[in-house]
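A.B. asks: Structure below; questions to follow.
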Amino acid sequence: MKSFSIWQRGMVAALAVGVAAIGFPAQATDPHGLEPEESDIVTIETPKPDWFYVRAGWGIDGTAIYDGRSGKMIGIVNSSQLSDMAIDPAGRFYYVSESIWSKGNRGARQDMVTVYDSKTLKLLTEITIPDRILVDERKQNFILSDDGKWGYVYSFSPASAVNVVDLTKRKFVQAIELPGCAALIPNPGVGFSALCSDGTMATVAAPTGKAEITHSAPFFAASDDPIFENFAYDPAKNMAVFLTYTGLVYTAKMGAAPTISQPYSLQEAAGYAPATTKPLSVGWYPGSRQPTAYHAASGELFILMHMGEYWSHKAFGDEIWVLDVASRKVVRRIALKEPAAHIEVSQGADPLIFLNDEKSAGLILDAKTGEEKHRIEMAGAGVISAAPGL
Amino acid sequence: MKSFSIWQRGMVAALAVGVAAIGFPAQATDPHGLEPEESDIVTIETPKPDWFYVRAGWGIDGTAIYDGRSGKMIGIVNSSQLSDMAIDPAGRFYYVSESIWSKGNRGARQDMVTVYDSKTLKLLTEITIPDRILVDERKQNFILSDDGKWGYVYSFSPASAVNVVDLTKRKFVQAIELPGCAALIPNPGVGFSALCSDGTMATVAAPTGKAEITHSAPFFAASDDPIFENFAYDPAKNMAVFLTYTGLVYTAKMGAAPTISQPYSLQEAAGYAPATTKPLSVGWYPGSRQPTAYHAASGELFILMHMGEYWSHKAFGDEIWVLDVASRKVVRRIALKEPAAHIEVSQGADPLIFLNDEKSAGLILDAKTGEEKHRIEMAGAGVISAAPGL
Amino acid sequence: MKIFDTDAIGEKWLRKLAGHTSRRSMVSRLGLALVAAPAFPLLPVSRAEAAKPDRSPEAKTAFARNAQSSDDTECNYWRYCAIDGALCSCCGGGIHSCPAGSEPSPVSWVGTCINPDNGKAYLIAYRDCCGKPTCNQCFCDNTDRQTQIYTPQLNNDIIWCFGTQSMQYHCSTAVLVGGAE
Amino acid sequence: MKIFDTDAIGEKWLRKLAGHTSRRSMVSRLGLALVAAPAFPLLPVSRAEAAKPDRSPEAKTAFARNAQSSDDTECNYWRYCAIDGALCSCCGGGIHSCPAGSEPSPVSWVGTCINPDNGKAYLIAYRDCCGKPTCNQCFCDNTDRQTQIYTPQLNNDIIWCFGTQSMQYHCSTAVLVGGAE
């Protein structure tokens, strides 16, 4: 017993004295070599156009980064339950908007935007914010300004507001009350916009200062034929692309007073009759948790579609419809072997589609041909983001 | 928009003023009635002999309570990841030994024994302790004295120790260094005992005071043929029942100087040759995460068995062997449709077996006949406890 | 059309609940806020629209056509037309009862569901029970008239644990608030 | 018998690592502690036992007989004879490299594994990488000579994250410490 005890005391002493000083120098040792090795830590690249970010899913921490070309995991960004992630447009940082209690499910609530270095994935700092919404599977609850200087965090307490964060100074600026609106939309040079329950779009100008709120005319039926959150935004065209439960497609040219197009029917764009909100009317409907993905360079919207009746908007997709938004034509349809819950598309020249389901099975397809490139077990069951088109 | 805003302000004001004062009076409304209802909260009974407690599993919080007779969930005891639960022998409390960080996976570490009322499942208090081991799937890392007055929490930092907690005064008493030993064994009237890496049993007398440690003579091969943790203890006989990887069965009459029996072979007790530690020797071996369960009244040990070679001690069980410990006979063998990772048996007169696997499928069998009584999807993938024989 | 006119429902219940007094006054105030929820915001567009969905019992949704009224531990129990989460009825609680140690949120999202026994529509408050780990039993995700977060009171994805000691989601109840006729 | 005489291994490496100096002295001290681990406790019983298992290469375990040396993202890669957890090689790390943002624990459990290419035994330190959520890729649970917690340095269930900033388990590496001959 004695020697064991001495071993332990020795180890504890060593730990107490020197842990902070330990360096694990990187070595170019062949991983299959037979020479003694030392431990090291990988440093990764800044976000690449073929990278996808997949939340682990309900109740599970972490956002895994996958290289779509190789199908391999690059690493994991720390992200707690019900957190939202945003990527610095310059690729230097990952920002995680999160709510953590001091004792797990109890204790003091701490809301923050946590900043990670994109190469080391190390935590750099935490920016305290007053509040945020607790909901999963959304990308529009935490967006950044196009220059990466400001973060906008949606809050629901249950009063609706947006917390403005200065990402340069790394501090909270102010909360802007935004009653009846949610689902934040980038609006470069103005501030941000949002969709509202009265069918309007709200635009918040100068959100870091006076924060003036204006509303568009009502243009959609928020309760009867809602626009899906997880909609698309095209930075080059400064245009948002919206899709409703029935398949109406709207585009909005963003600005101080956004210009919203007349809608057209996705189903008509594929040669069908437009879908309706009426019961007992079966057709192809868009749906799932993250039903659309948008490839900006080609202007193609990828939509998870299923057959069903109205109010089936969470049903998983059995086909991907590829809509040329400008020409108003469904140019391709890709049948899926397994229903998909989330869809995302990479922003590079040869885009890739990333799909997953609630069992965490991930699938990478060629976005042009639909060819299966990789299958990743346990890829993550949550919302998917693509690296920005850097 | 205005009215919406007013609604929100009104609600927020109401919440700020009065939430603490809200009562939800229980009503005897027919759950299928059509009269307006109010919300209420269920109160449950103290532990019943047919109840099982199933940890959700790796990375998932909570310990679900199931009534083995009905197969229904009674409720969930809060329990964080890598926590251990112990049940007050008098049935008044559930104790959870747990480690929580102030910011999820970072921040300040907080080790504690959290006390829950067994009828309301409400948190009563937290007893701060200095440390504890971080490991899953163990029942011997947190045990109580037979009178329910003291808790013993195993700690590994990586020095080995036991934290003594006064459950009456609800405070930490002292840490007892216990080098080279783990897997705590009740030892009423003395303190507690533990198994050690030198093949001895350590006994800690007067753990709330002077804490004198003595060791038995070496009796088992800790590295070559280890005794499984999650072993059994018979309170009426004050006897521990041990099983090794090869299937050797030891009993230990607890006391100031525990008396440990000569071992016998479980396989021999079933008519086979004894199993060996030699490679290329195939036979029936005990194994899985929680390989044994003991029904004290009948003296029957239920063991998950699989066919394989030595060092397959984590393989799931394909059969349950029922060993009459005193007569040294395997009296029944129950073939399983699906391999099981954990086994537990209730302590009542008509015992029930609870099994689960790593996919969380739970199965309740009649312990005498092996007849399937209930199948519970998503029952939990972790370690199982039975209510004490109250 | 009238049956599912949420604005009318809201006004009626506002008046009804405003009349409450006594020890349940705080419940009433919160209940008022809750029930007020579906009443607002006013929906000028949808109301003006010719294409407003036909929600009469004669044209029930797929859920309503397949709903039953005998087993509240099944996803197709009629009150669950817009529930998302674990059924408290499977977790030691009941249709309007939180399991031991959890706490009902005083505010919630709502649904309007049709009882197959009498064909009438009822307003259902889906109150989350909070403060316990997620119950892994009887997960359901029904979506009749379920919308997006900009109409929060009709969204079933939000963690509706406000004003509770812990905001951890445990399970969901389906409390009958009243007839929606 | 000699090949797996962990006591002898320990003494040899103790001496070898004790000779280290320079900036890696702390690593050496911890390494010493680590490698010392399998050396202790002395096992009077097992050593005295006639039934001590035959661990010679001629009588390899089932794992060793099926192990390969070409793909360290598979559970049957030879070094993984006693690993339990997610392979860092599948998580953006490598056989001895922690994925970005995680941190190797300076202490670990150990295994003695046979390289199929040369039939020799090597001492492997299974260092956990800590401080990230569990990587959900390539879960393995191999158990050659894996024991219980009272012999902690040979137990692969413990969260071996000591002296790291965060004790959250991310994945496991299999660092070659040296030959065990």
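Including glycine, each Cβ sits where the backbone N, Cα and C put it.
Feature list, courtesy of TrEMBL:
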DOMAIN    C:68-178  domain 'Methylamine/Aralkylamine dehydrogenase light chain C-terminal'
DISULFID  C:C75-C:C140  disulfide bond
DISULFID  C:C81-C:C113  disulfide bond
BINDING   C:D84, C:N156, C:D157, C:I158  substrate binding site
DISULFID  C:C88-C:C171  disulfide bond
DISULFID  C:C90-C:C138  disulfide bond
DISULFID  C:C91-C:C135  disulfide bond
DISULFID  C:C98-C:C129  disulfide bond
ACT_SITE  C:W109  active site, tryptophylquinone 6'-substrate hemiaminal intermediate
MOD_RES   C:W109  tryptophylquinone
ACT_SITE  C:D128  active site, proton acceptor
DISULFID  C:C130-C:C161  disulfide bond
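Tell me about the surroundings of these features in the structure.
C.D. replies: Taking a C-beta cut-off of under 8 angstroms and a sequence separation of 6 or more, C:C75 (disulfide bond) has the following same-chain neighbours: C:I83, C:L87, C:C138, C:C140, C:N142. When secondary structure is read from DSSP and collapsed to three states, C:C75 (disulfide bond) falls in the coil class.
Around C:C81 (disulfide bond), the same-chain residues six or more apart in sequence whose CB sits under 8 Å from its CB are C:T61, C:F63, C:A64, C:A67, C:G111, C:T112, C:C113, C:I114, C:I124, C:N142, C:D144, C:R145, listed in sequence order. According to DSSP, C:C81 (disulfide bond) sits in a coil region rather than a helix or strand.
Of all the Cβ atoms in the protein chains shown, 22 others lie within 10 Å of the Cβ of C:D157 (substrate binding site).
Cβ neighbours within 10 Å of C:C171 (disulfide bond), excluding its own Cβ and spanning all shown chains: 28.
In the structure as shown, the Cβ atom of C:C135 (disulfide bond) sits within 10 Å of 29 other Cβ atoms.
Around the Cβ of C:C129 (disulfide bond), 32 further Cβ atoms fall within 10 Å across all displayed protein chains.
Sequence-distant contacts of C:D128 (active site, proton acceptor), defined as residues of its own chain at least six apart whose C-beta falls under 8 angstroms from its C-beta, comprise C:G85, C:P104, C:S105, C:S108, C:I159, C:W160, C:C161, C:Y169, C:H170, C:C171, C:S172, C:T173.
Secondary structure from DSSP puts C:C130 (disulfide bond) in a beta strand.
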A.B. asks: State which of the following disulfide-bonded residues has the fewest other Cβ atoms within 10 Å around its Cβ: C:C91, C:C113, C:C140.
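C.D. replies: Output over disulfide-bonded residues C:C91, C:C113, C:C140: least Cβ neighbours within 10 Å is C:C140.
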A.B. asks: What disulfide-bonded residues from C:C75, C:C90, C:C91, C:C98 have a chain B Cβ less than 8 Å from their own Cβ?
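C.D. replies: From C:C75, C:C90, C:C91, C:C98, the ones near chain B are C:C90, C:C91, C:C98.
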A.B. asks: At the Cα level, what's the spacing in Å between C:D84 (substrate binding site) and C:W109 (active site, tryptophylquinone 6'-substrate hemiaminal intermediate), rounded?
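C.D. replies: A Cα-Cα distance of 10 Å.
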A.B. asks: When you look at C:D84, C:N156, C:D157, C:I158, which the record names as binding substrate, what is the longest CA to CA distance in angstrom?
C.D. replies: 10
A.B. asks: By Cβ count within 10 Å, point out the most packed of the disulfide-bonded residues listed: C:C88, C:C130, C:C138, C:C161.
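C.D. replies: Ranked by Cβ atoms within 10 Å, first place goes to C:C88.
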A.B. asks: Which whole-number value in Å describes the distance between the Cα atoms of C:C91 (disulfide bond) and C:D157 (substrate binding site)?
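C.D. replies: That comes out at 20 Å between the alpha carbons.
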A.B. asks: How many Å separate the Cα atoms of C:D157 (substrate binding site) and C:C135 (disulfide bond)?
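C.D. replies: That separation, Cα to Cα, works out to 16 Å.
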A.B. asks: Should any of the recorded positions C:C88, C:C90, C:W109, C:N156, C:I158 have a Cα within 10 Å of the Cα of C:C129 (disulfide bond), which are they?
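C.D. replies: Final answer, ordered: C:C88.
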A.B. asks: Checking C:C75, C:D157, C:I158, C:C171 - which of these recorded positions have a CB within less than 8 A of a chain A CB?
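C.D. replies: Going by the Cβ criterion (under 8 Å to chain A), the qualifying recorded positions are C:D157, C:I158.
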A.B. asks: Where does C:C90 (disulfide bond) sit by DSSP, helix, strand or coil?
C.D. replies: helix
A.B. asks: For C:C135 (disulfide bond), just give me the three-state DSSP call.
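C.D. replies: For C:C135 (disulfide bond) - judged by DSSP and reduced to three states - the answer is coil.
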